[in-house]
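Student: The annotation domain 'ABC3 transporter permease C-terminal' is assigned in TrEMBL to A:202-309, A:645-753. Sequence annotations record features per position, and here TrEMBL assigns transmembrane segment to A:26-46, A:195-219, A:251-273, A:293-314, A:335-353, A:365-386, A:640-659, A:671-689, A:696-715, A:727-751.
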Amino acid sequence: MSAWLRDLALGARLARSGGRGARSRVVLTAIGVALGVALLLVAASLPHMLAARDARTDARSDLQLSGPPPVAGVGTLLVADVNDRFRADDVRGRLLRAEGPVAPIPPGLERLPAAGELFVSPALAELLRSEEGALLRERLPQPIAGTIGDAGLAGPAELAWYRGSDDLRLRADDGTVRRIDRFGEPGGSTAPDPVMQLLAVVVLTALLLPVAVFVATAARFGGEARDRRLAALRLLGADMAMARRIAAGEALVSALLGLLLGALLFLGVRRLAGEVTLFGLSVYPGDVTPSAGLALAVALGVPTAAVLLTLAALRGVVVDPLGAVRRARPRRRRVWWRLALPLLGVLLLLPLIGGDTRSAAEHELQLAAGVVLVLVGVAALLPWLVEAAVHRLPGGGVAWQLATRRLQLDSGASARVVSGIAVAVAGAVALQTTFSGVENGYVSGSGDGRTADVWAHDDGRPGAGAQRLAAALQGSDGVRGAVVAGEQIEAGHGDTTEYVRVADCATLRRVAPIDRCADGDVFVVGEVTSLRPGARLRLDGGTSWTIPRDARVLQRWRGSPDPDDGASYSIPDPVLATPGALAGLPLRPRTTLATVTLADDGRDAIEHVRNTVARLDETATVAMLGGRSYDREYANLRRALFAGAVAVLTLIGASMLVGALEQLRERRRPLAVLAAFGTPRGALARALLWQTAIPVALGLALAVAAGAGLGAALLRMVGEPVGFDLASIAGLAATGAAVVLLVTLATLPALRRTVRPEGLRAE
Amino acid sequence: MSATEPLLAAHDLRKAFGPTPALDGASIEIAAGEVVAVMGPSGSGKSTLLHCLAGVARPDTGSVRYRGRELSGCGDAELSALRRGEFGFVFQFGQLVPELSCVENVALPLRLEGVGRREAERRARTWLERLEVAELAGKTPGQVSGGEGQRVAVARALAIEPRVVFADEPTGALDSLNGEQVMRLLREAAQESGAAVVLVTHEPRVAAWSDREVVVRDGRTAATEPVLP
C-alpha cells in the first residue's frame, strides 16, 4: 500500500514539475474531465431540480382533489383557470375572488389581489413591458400591482399571473371556476405515467453514458508522451509496475484538477441557471443542487476511474529503459465478452416485453440495467467492430491508405472517442423510435396550422352566444376565412351523455347535408346516434327537453370541409338544433364553439384571435388545430432529451477535437516529414477526415441498429406497434456525421501549423 | 538552365525564428551529381539552410534557384510538387510513417506522383533490394532496427529518382558500422541515379563521403573546401 502511495505521489510530483509539455497535458486532460464532471454534477442535481419544481407546483395547486368540496365561508376563495398561450409559451393565469376575510393566499403572494389588481411573475412583467409583449398586453391591460415570488412559480422563466375579480361566480360543473379553502394538495402531483417513467430512465441512461465514456477518454489524453517519459524512469530503476503506478499518479493529478475545475464550472453554470431557458425549461439556481450521494459518487468515481484506466491502458505497453516504447503487438480484440453485454441486456429486457406497461415501468431497475447493458454493449463492441472492419478495408488513394493503416495500427483511440457518439446516437434513436410510437397518446391536434378552435362560455339565450362569438371573430384581425360557430349543450339520455349543437341554418349546413332549414328546426344525425325524434333529454343536467317529433333524421353527415371554408368538426354532435328550437328554456352558461381560418400573414394571427375571444370570455380556450400540442410531461421529456443531446454532442465534439489535436501533436514529426517530401496538405486533411469518418460511420451504423432494436423493444413494452421514424434516424445520423466534419475542419489550422518545418527538427 | 549554371544555388539567405537568427547571409551552390556536406556545430543553422534549399522553409530574404527557377516565387502547391517529383529526403531518425509498412513507405512518394499502387510497390521492392533490406518489406517501422530504418528511408528518398537528395544527419542516430553502411549505400545509389546529395552533418567521418564541404557557422557559410582524396 505504501508503495502505491509513494509511486502515486511521485507521479503527481512529476506531473507538476514535468515542464511545459507535461503541464499542458495535465491541463488538457483536466479540462476534458472538468467538462464531464460539470455535466455529471448537473445530472446529479436533476432529482433535486425536479423535486423542488414539483414542491412549488404542488404548493400552489388549486385543485382540491381530497375531501368534500368546501362550502362558501370566511375562508374560501373562488379560482378560475385562465391558462393561455402566448406564441410558443404557456401562460398560467388565475382569477381570484375571496369569499371571506381569511381566504387562502397563493404561495408567492403577500396578499390576495383586490378586484382588478394584477400580480405577475418577473418573466411576465418583463414580457409585458417589452415590445414583444404588446399583443399579450391587450389581454392583460391592468397595471401591475405586484410580483409573484419564487415560491409561487415553477421556474424563473414561467409566465404567470393572478388577478382579483369581483364578478367571478361558480358556473355549471365545467371545472373552470372552483371553490377552494386552501392552496396546495399534499402529493398533488399525479403519479408519474409509467410510459414516461420508462422513457425517463432511457433518456438519463442515453445522456449519461456518453459523458462517462468522455471522461474515460479524457483520462487517456497524452498517453504517448507519457509513455516516453516513463522510459526515463525505467532507466533510473523503476520496474514496470512502478512505472504504471507513477503514470497513474500523473493521471490522478489531472483528474483531481479536473474535478476541481468541473466543480467550479458547475458553480458557474449554477449561477447562470436562472438566466437560461433551454427548450422552455428554466430552474432557479437553488434548485441546481446535486444530491449528496451522487455528488460523492462523482467525486470518488472520477479520480478512481482515471487511475484504473491508466493502469489498464499501460497493460499493453512495454517501456524499456533505453527509451524504446513499444506497443505490445496488439492482441486481436475478443468479441465474446463484448457481445455478452448487449445480449445480457436483451435478456433483461425480454421478460418486460409483452407484459402490461405498468409492470415494465415498475421494473425500473431491470429496465435501466437492460438499457445500460445494451448501450454499454455498443461502446464495447465498437472497438472490435472498427478493428475487424479496418483490417478488411480495400486499398485506395494515399489519404485513404494513411488513414486505414493508422487505424489498423491502433484503432482503439479513435473507437473510444467515437463510442461516445455511438452511445448517444443509439440512445437517441431508441428514444426517437419510442417517442414516435407513443406520440399519438400524448399529442393532440392535427391539421395544417391554419385553423383554430375556440371554446368560450355564454349565458345569454341559446344561439345568441354563437352569433356574438361569430360576429366578433368575423371582425377580428388574424381571421381570414369564414367562421363556423355554434353552441354545445350537454344532454343526458338515460345513462348516456349526448350533445346538442345549437347553430343557425347556414352553420348547420356546413356540418351536415341539410337541404331545408328554418329557425326552430331540429335534426338528428342518425349515423352517429341511436337517439330519435321524441326522445326526452336532460339539457345541462336539469332542463327537460324532448326532441320534436317532426325533427328530421339525417342518414349521412358531411366529412371535414375545406379549411378555407372554415374548417369544422369531423363528426357532428348527434342532435343539431336551430336557436328557435330551444327558445325560452332556462339554460345555464353554455360552451360556445367556433372554428376559424387564420390569416396567412404573420405568426401572430392566433394572438389577435385570442385577444378578440378574451374580450368576450377571459376563460375561453383557443387552440391551434394545426399546432401539435404535446402532453406537458411528454413535452418536458422531449425537451430534456434535446437539451441533453445538445450538451452531450457538444461535449463529444470537444472531446474529438481535443483527441484529434493531441494526435496531431504526437504525430508532429511524421506529418512534417510527409509534408517535406511533397504530400499535399489536402491529402493530409483527407487522411484525417477518413481516420475520423471510418470509425464514426461504423459507430453510427452500429448505433442505428442497436438503437432501432432497443426502440422496438421499448415500443413492444408499452404495447405499441413497432415502426421506425426514418427521417429522424437519418437526422440523428447526419448530426453525428456533421460533428465529424466540424471537428475535422476545426483541426485544419492545427494541421497547417503541424506540417511546418519546425516539426522536422530533431534537437 | 545553362550548362555552367549550378543545379541548386542559394544566395545571401537570411532567416530568423523570433529574435534568433538562424541564417545570416548564407550562400551555397550545388552542381548536378555532386555530393556536398554541410558541416557545422549544433545550432549553427545547417538544418535551416537545408530546409530553405529544399523549399520546405522560406527564407526571410535572399534567393534560392533550382535549375534556374527562383523558388521564392513559387506557391505552396508548386513547392510541394517540386519536392514530390525532384527531391528526396533522409532525416536523422528515418522519420518513416509509423503506420505504413516499409514497402508502403518507400512507395509513398511514387504514389504521390500518381504511380499506381501495384507499380509503386514493385519499384519500392526493387529499391529495398538495392539497399539490402528486401526482407523488411512487410514490416512496420516499429519492428525494424535504427540502421535498417535508415536504409529504408534512403530507399524512400531515391525511389522517385530525384535530382537532389537532402540528407539531414542521416547517420546521427546510428552506430559507426551502421552509419558507414548507410553512407556507402546512399552515395552509391545517388551516384548510379545521377542525383546530387546535400548532406548535413557535424561528423567529419560522414562528411568524408562527400565531394566537397561547406561549413556553416552562426548562420553564415564560412568556407567551402574540397574533400581531400
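From the backbone N, Cα and C atoms, a Cβ is placed for every residue, glycine too.
A TrEMBL annotation is a machine prediction, not a hand-curated record.
Give me the structural setting of these features: burial, nearby parts and distances.
Tutor: Within the model, the domain 'ABC3 transporter permease C-terminal' (A:645-753) carries an average pLDDT of 80.
Beyond the ends of the transmembrane segment (A:365-386), by six or more residues, the same chain brings 198, 201-202, 205-206, 209, 213, 333-335, 337-339, 341-349, 351-352, 407, 411-412, 414-416, 418-420, 422-423, 426-427, 430, 694-695, 698-699, 702-703, 706, 709-710, 717 to within a C-beta distance below 8 angstroms of the stretch.
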Student: Please count the residues of the domain 'ABC3 transporter permease C-terminal' (A:645-753) that DSSP assigns to helix (H, G, I), strand (E, B) and coil.
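Tutor: Secondary-structure breakdown of the domain 'ABC3 transporter permease C-terminal' (A:645-753): 96 helix, 0 strand, 13 coil.
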Student: Checking distant contacts: for the transmembrane segment (A:696-715), what same-chain residues at least six beyond its ends satisfy Cβ-Cβ under 8 A?
Tutor: 198-199, 202, 342, 346, 349, 353, 371, 374-375, 377-378, 381-382, 385-386, 389, 415, 418-419, 421-434, 437-438, 721-724, 729, 732-733, 736-737, 740
